[in-house]
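What follows is a set of notes on a single structure, which appears directly below.
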Amino acid sequence: MKYSDLRDFIAQLESRELLKRIDYPVSPHLEMTVVSDKVLRSGGPALLFTNTPNYNMPVLTNLFGTVERVALGMGEESIVALREIGKLLAALKEPDPPKGFKDAFSKLPLLKQALNMAPKYVSGAECQTHVWEKDEVDLTLLPIQTCWPGDVAPLITWGLVTTRGPHQSRENMGIYRQQLLSKNKLIMRWLSHRGGALDYQAWQQEYPQERFPVAVTLGADPATILAAVTPVPDTLSEYAFAGLLRGQRTRLTRCIGNDLHVPASAEIVLEGYLEPGNEAPEGPYGDHTGYYNEVQSFPVFTVERITHRDKPIYHSTYTGRPPDEPAILGVALNEVFIPLLQKQFPEIVDFYLPPEGCSYRLAVVTIKKQYPGHAKRIMMAVWSFLRQFMYTKFVIVCDDDVDARNWQDVIWAMTTRMDPSRDTVMVENTPIDYLDFASPVSGLGSKMGMDATSKWPGETQREWGKPITMDEDVLNRVNGYWSLLGLK
């Protein structure tokens with residue numbers, strides 16, 4: 001599905017009955033979470049709340065509440081096609097050297113397509129139709145959700161944050177939640193390894209007393225949002241990748257008050273800065289783990305300016321115990337990850353991040369095992385290959401006769417092919433999600449790899465068990481007269 005901006009995407013979803021307008025008054029304080037959660041768990045449509053009490057702005061939730069809608073946002077019609085996007089990223093990330101002139105010529109369209117999707121810079125953008133400055137700036141006029149009863153304050157959840165480090169031409173995009181502090185202040189919660197935090201750290205080293213420019217987009221088009229959460233190669237900007245997904249170049253415009261660029265079709269843009277040394281305690285908030293996170297200090301984002309379109313739409317979500325919207329995104333992006341992994345490790349048959357594992361904390365990998373110790377190599381590969389797997393605590397490796405997406409298969413393999421001492425790998429003092437309160441130190445913890453593959457000579461001194469299977473001829477004969485037995 002091709003679309004020009006968020007509003008076009010909404011219109012097309014509505015025409016397919018994949019989006020529902022809610023005209024009944026629903027409050028962004030807790031009530032929208034209840035409605036959105038019930039609809040998401042039933043596989044229902046995206047929701048546009050048009051009657052938000054005390055606010056003059058509609059709220060969009062559950063935009064990516066099904067895998068189908070994630071695929072549509074990536075310009076595809078089904079989750080199966082997301083593997084092709086993964087293959088595209090794999091080709092751009094690790095291009096194979098051409099085998100000859102004909103092969104080199106065949107690769108040109110892909111490279112040319114990527115190069116031709118560089119952003120298009122425009123002026124007079126629709127996202128700057130209205131401008132609030134100085135005393136006009138009032139974040140409390142936005143229908144920012146309070147998602148859970150124990151949340152300390154309203155929370156921006158779909159803020160697309162643009163930053164740029166010193167001496168860098170490329171801008172970084174990331175999605176970081178932001179706690180409302182006052183009419184013009186938010187808390188920018190980003191983890192230390194994320195692009196925005198790294199840009200800010202580099203800025204403070206270069207300009208220790210100067211303000212760090214930041215722009216936050218609320219209501220970007222789906223391709224731009226999804227590009228920000230996809231493992232785009234460093235050689236390709238997120239905006240260029242968004243253009244590839246959308247089938248047309250991303251239109252960007254320069255912020256009014258700094259040199260950063262934002263999507264021209266964005267619904268709302270917040271312009272401002274971080275002041276070195278200015279931090280505030282953030283949280284607690286209900287999170288994608290299903291728990292409230294602990295309170296930690298993060299930089300304060302001072303908003304100098306708010307720009308927006310005519311009749312802007314506020315894009316929001318909630319996070320909680322899976323399934324939630326991030327979990328659905330994780331299931332879809334799982335299909336993108338597989339070709340990236342297989343490009344480097346072709347012995348991988350399947351890779352699965354179960355949503356109940358908080359989308360990234362546990363991975364199941366099936367392989368065509370080729371030598372003793374092979375499973376341990378794959379564990380290390382998962383932990384080190386993509387930044388997205390830095391916080392994966394558990395990796396279970398199985399043979400290719402196991403369905404990675406079937407817990408009955410996986411548990412059978414673990415309980416019959418594993419010796420806890422021999423087949424468990426523990427790695428200590430590794431990076432761990434700050435939200436993982438189970439780790440002994442904030443941001444630092446251990447990882448466990450489990451080898452649930454059949455063991456080869458050299459890995460065991462015992463004769464290995466042979467799986468029980470029925471004779472094919474007997475199966476076919478019984479299936480032939482099954483209908484005559486009076487059984488279902």
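A Cβ is built for glycine as well, from the same backbone N, Cα and C atoms used for every other residue.
Taken from Swiss-Prot, the feature active site, proton donor covers Asp287, and the record attributes it to sequence analysis. As annotated by Swiss-Prot, Mn(2+) binding site applies to Asn172, Glu238, with the evidence given as sequence analysis. Here Swiss-Prot flags Ile175, Tyr176, Arg177, Arg189, Trp190, Leu191, Arg194, Gly195 as prenylated FMN binding site.
Projection of Swiss-Prot feature records onto the structure.
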| residue | record | DSSP class |
| --- | --- | --- |
| Asn172 | Mn(2+) binding site | strand |
| Arg177 | prenylated FMN binding site | coil |
| Arg189 | prenylated FMN binding site | coil |
| Arg194 | prenylated FMN binding site | coil |
| Asp287 | active site, proton donor | coil |
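A Cβ within 8 Å of the Cβ centre of Ile175, Tyr176, Arg177, Arg189, Trp190, Leu191, Arg194, Gly195, the residues given for prenylated FMN, is found for these other residues of the same chain: Val161, Gly174, Met188, Gly196, Ala197. Fewest Cβ neighbours within 10 Å among the recorded positions Glu238, Asp287: this applies to Asp287. Considering only the recorded positions Trp190, Gly195, Asp287, Asn172 (Mn(2+) binding site) has Gly195 as its nearest partner by CA-CA distance. The prenylated FMN site in the record is lined by Ile175, Tyr176, Arg177, Arg189, Trp190, Leu191, Arg194, Gly195, and its two most distant CA atoms lie 14 Å apart. Fewest Cβ neighbours within 10 Å among the binding-site residues Arg177, Arg189, Arg194: this applies to Arg194.
Residue pair Arg177 (prenylated FMN binding site) / Glu238 (Mn(2+) binding site) shows a Cα separation of 19 Å. Neighbour density for Trp190 (prenylated FMN binding site): within 10 A of its CB lie 21 other CB atoms from the protein chains shown. Comparing Arg189 (prenylated FMN binding site) with the residue listed as 'active site, proton donor', their Cα atoms are 13 Å apart once rounded. In the three-state DSSP reading, Glu238 (Mn(2+) binding site) counts as helix. Recorded residues Asp287 (active site, proton donor) and Tyr176 (prenylated FMN binding site) have their alpha carbons 13 Å apart, per Cα-Cα distance. For Gly195 (prenylated FMN binding site), other Cβ atoms within 10 Å of its Cβ number 21.
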